[in-house]
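Student: Pasting the relevant annotations from TrEMBL:
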DOMAIN    B:5-144  domain 'Aspartate/ornithine carbamoyltransferase carbamoyl-P binding'
BINDING   B:Arg53, B:Thr54, B:Arg103, B:His131, B:Gln134, B:Leu263, B:Pro264  carbamoyl phosphate binding site
BINDING   B:Lys82, B:Arg163, B:Arg224  L-aspartate binding site
DOMAIN    B:150-298  domain 'Aspartate/ornithine carbamoyltransferase Asp/Orn-binding'
Amino acid sequence: MSDRELRVSKIQSGTVIDHVSAGEALHVLSLLGIDGTKGTTVSLGMNVPSERLGRKDVVKVESRELSDDEAEVLSLIAPEATINIIRDYDVVDKRRVEPPEEVSGVLVCPNRDCITNAGEPVETAFAVLDDGLRCEYCGEIVREDITDHLQD
Amino acid sequence: MRHDHLLTAKQLSRADIETVLDRAAAFDGDPGSARERHADKLLALCFFEPSTRTKMSFETAMKRLGGDVVDMGPVESSSVKKGESLADTARVVEGYGDGIVLRHPKQGSAKMASEYVDVPVLNAGDGAGHHPSQTLLDLYTIREHAGLDDISIGIMGDLKYGRTVHSLAHALTNFDARQHFVSPESLRLPRSVRYDLHESGAQVREHEDLDAVLPNLDVLYVTRIQRERFPDEEEYEAVAGEYSIDMDTLEAARDDLAVMHPLPRVDEISPAVDDTDAATYFEQAHNGVPVRMALLDLLLNDE
Ligand SMILES: [Zn+2]
């Protein structure tokens, strides 16, 4: 099997996330909570030549269709990504990710004095800014390393 | 004012602020006009941190409106001690009062509580976050002395942790106010506040030294630098001394400078200053009553 075949090899059903910013593929997996322990078949292409991005990453996940919520969060670390939903080797849905106005319940606020870190039943909520995220409760701004703040 | 709750100063528009201050001025001028306005109402006071002053001020305001208060009492003797969540406490207390005044050590606590209840929540301080009723009484005092437009205000001391400072800075962006922040490098405004001020296009400058800006100021707002912010006593003493006000400091100020302080003060304003025309901090504290009366009047109205 040549390199080229490996990269484009089709999956039967699941999700192909294309045009991920180069080097972000592992973050995408952690964002989706995929660490390989649950037996999901995952293939990655990293720093693959791309017409649109120069270099890009590609993530293929078997037997799992990305939800709209997951796609929204994905946009935070891979704003150029396209999501292809595959069923029976066919692309049944192809869409660009759209940054949401707010993300709920995905990230943990880095401010330890925030009410969302106080054992209350409340879900975290972050407003999406042009250049980062902002906690709707305490106002803390997250700009770098968003994936460091993912909920378990 | 079209708000269900008072959570941050950021939520307040210029028109909101003017509505509150005008009503406060009306109550101030004619206290009798308030007497029976909320005779059938109860205000619940939930203070998860000690605060004699703010609590008394809210209590006085509610009673001057003809209403009464129910007090959760100190945390040590409440169900919070047994591990009850704030979300639960808020929903229980909602059944007791027509409004809830909340002070809590965690940032965003008032916002969260407001999401669980249908009665108005008034944030009386959420950790290092916000303290909007303090801000409104600060604005009321500034308006009385210098107006709120075309003014220069110095804000000095602990700008990093001082929630009164954060709320005031946000609120002043609604007015033509030049804000000068004076603090040691280690106690600068936090990033999130600087971000907001920048976004709002506010006229803001930061200084490490009061001398350069003092002669131009209409108002100097002093806050306490707390000992626990510093690793050792010596460093604290040096910094605290540098950011304090005495008669010598005032030499360089304009005659009509108003010195304000959210109180309690420790050493940051010398008692000698109390007898000067510049001393505005006790009047500022007294203004808390009419301003909180106005806030309660606007938020508790059924209209
Ligand atoms: Zn937060």
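Glycine residues also receive a Cβ, built from the backbone N, Cα and C atoms like all the rest.
Looking at the shown structure, can you explain where the listed features end up?
Tutor: Annotation for B:Pro264 (carbamoyl phosphate binding site): same-chain Cβ neighbours under 8 Å, separated by at least 6 residues, are B:Arg53, B:Arg224. In the three-state DSSP reading, B:Pro264 (carbamoyl phosphate binding site) counts as coil.
The C-beta environment of B:Arg163 (L-aspartate binding site), restricted to residues of the same chain at least 6 apart in sequence and closer than 8 Å, consists of B:Gly125, B:Asp126, B:Gly127, B:Ala128, B:Gly129, B:His130, B:His131.
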Student: Max Cα distance spanning B:Arg53, B:Thr54, B:Arg103, B:His131, B:Gln134, B:Leu263, B:Pro264 (carbamoyl phosphate binders), Å?
Tutor: 17
Student: Neighbour count first, Cβ atoms within 10 Å, every protein chain included; then name which of B:Arg53, B:Lys82, B:Arg103, B:His131, B:Arg224 tops the list of binding-site residues.
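Tutor: The residue with the most neighbouring Cβ atoms within 10 Å is B:His131.
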Student: Per residue, counting other C-beta atoms within 10 angstroms of the C-beta, which of the binding-site residues B:Thr54, B:Gln134 reaches the highest number?
Tutor: B:Gln134
Student: When the domain 'Aspartate/ornithine carbamoyltransferase Asp/Orn-binding' (B:150-298) is classified with DSSP, how many of its residues are helical, how many are strand and how many are coil?
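Tutor: Breakdown, helix to coil: 65 helix, 27 strand, 57 coil.
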Student: Rounded to a whole angstrom, what is the largest C-alpha distance between any two of the residues B:Lys82, B:Arg163, B:Arg224 that the record assigns to L-aspartate?
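Tutor: Across B:Lys82, B:Arg163, B:Arg224, the two farthest Cα atoms sit 33 Å apart.
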Student: Give the distance between the Cα atoms of B:Arg103 (carbamoyl phosphate binding site) and B:Lys82 (L-aspartate binding site), rounded to the nearest whole Å.
Tutor: 18
Student: Limited to the domain 'Aspartate/ornithine carbamoyltransferase Asp/Orn-binding' (B:150-298), I'd like the whole-number average of pLDDT.
Tutor: 94
